[in-house]
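Trainee: The domain 'NADH:quinone oxidoreductase/Mrp antiporter transmembrane' annotation in TrEMBL covers 23-287. The feature domain 'NADH dehydrogenase subunit 2 C-terminal' is assigned by TrEMBL to 289-340. Annotation comment: TrEMBL describes 57-80, 86-104, 151-169, 190-218, 238-265, 277-297, 317-336 as transmembrane segment.
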Amino acid sequence: MSPFVLAALLFALGLGTMITFASSHWLLAWMGLEINTLAILPLMAQHHHPRAIEATTKYFIAQATAAAVLLFASTTNAWLTGQWDIQLTAHPLPVTLTTLALALKMGLAPTHSWLPEVMQGINYTTALMLSTWQKLAPFVLLLQLQPANPALLLALGAASTLVGGWGGLNQTQLRKILAYSSIAHMGWVTLVLQFSPALALLALLIYFTMTSSAILMFKLNNSTNLNSLATSWAKAPVIAALAPLILLSLSGLPPLTGFMSKWLILQEMTKQDLMPLATLAALSALLSLYFYLRLAYSLTLTVSPNTLVGTAPWRHPTSHLTLLLSTSTVAAIFLLPTNPGSRRTSFYM
């Protein structure tokens, strides 16, 4: 792809998200989401591979459906209330339709089925954009919506944590595992969105840091499945040594960064007298822990079962930029010990 075309698409991607951030009118927010969607489609299909074209088509259909439902919900709200302001959406019908449309855009369960298939068909760079930047605009709209009845968001969050943990158990493709990890983490964010928006934003940013580190690590090693992880020691020993810490941070084990957001979310849910839901979310984290440990085991304690054809890939020096990988890796591992509230957190442990 030409650098000028790439720059134009990245500019449009950022412009669409910024328009959604700054808008208080439903039509402007919808326009920003559409610009955002149309900008990422050429990036997903740039390799002209049948899997990439299939993933792009699936992503376009899912996002077009969500955009149509969102436009219908906003028009219905304007017809019922006479208002186009996002924060004045109060009628139960448009609120429910809007929440479901934004859940479809974010990949929350039960509207999640497109996300693993799309992630599997695109490269790691576009998968990183899909897992991080593309979540921001729907999240901001959910943050502004704030329906009076949080039952729908709680149901979506609980279903996403369960589906994200359960769906990743039998996967061998790394991009599908990352997709189910995204579903599970978005479920955690959705659970606390109604009660503490600042905490939901913190959890989202921590997830962005951890998943950026994991995706960039897999991209550096050129790993696509569990078997290819076994050659990571020969390619990049330092990254392979830090990889289990990154994966355990994604699972939420202390004293790593991922523990911070999950502990604070569980604490907030118990304050809201949602102990059964908090217990369910904590148990679903054990499902995610299993496949993260499976990845760590494949990275550190296994040998590749197949003889690699051709020149050994670790004999070629890497040309990837590692500044972002090193920064996100340090943040994914060491943020919790440097947190001012870590002493108080360790007291409750």
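We count from 1, first residue shown onward.
Each residue, glycine too, has its Cβ placed from N, Cα and C.
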Trainee: Which sequence positions outside the transmembrane segment (190-218), separated from its termini by at least 6 residues, show Cβ-Cβ distances below 8 Å to it?
Mentor: 103, 108, 124, 127-128, 131-132, 135, 139, 142-143, 146, 150, 153-154, 156-158, 160-161, 174, 178, 181-182, 224, 239, 243, 246-247, 249-250, 257-258, 260-262, 264-265, 268-269, 271-272, 277, 281, 324-325, 328-329, 331-332, 335
Trainee: Kindly say whether the transmembrane segment (277-297) and the transmembrane segment (86-104) touch, using the definition of 3 or more Cβ pairs under 8 Å where each pair is 6 or more positions apart.
Mentor: no
Trainee: Of the stretches 86-104, 151-169, 238-265, which racks up the most C-beta pairs under 8 Å with the transmembrane segment (57-80)?
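Mentor: Answer is 86-104, with the largest number of Cβ pairs below 8 Å.
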Trainee: Mind checking which residues reach the transmembrane segment (151-169)? Cβ under 8 Å, same chain, six or more beyond either end.
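Mentor: Non-local partners: 96, 99-100, 103, 108-110, 112, 116, 142, 176-177, 180-191, 193-194, 274, 277, 280-281, 284-288, 290-291.
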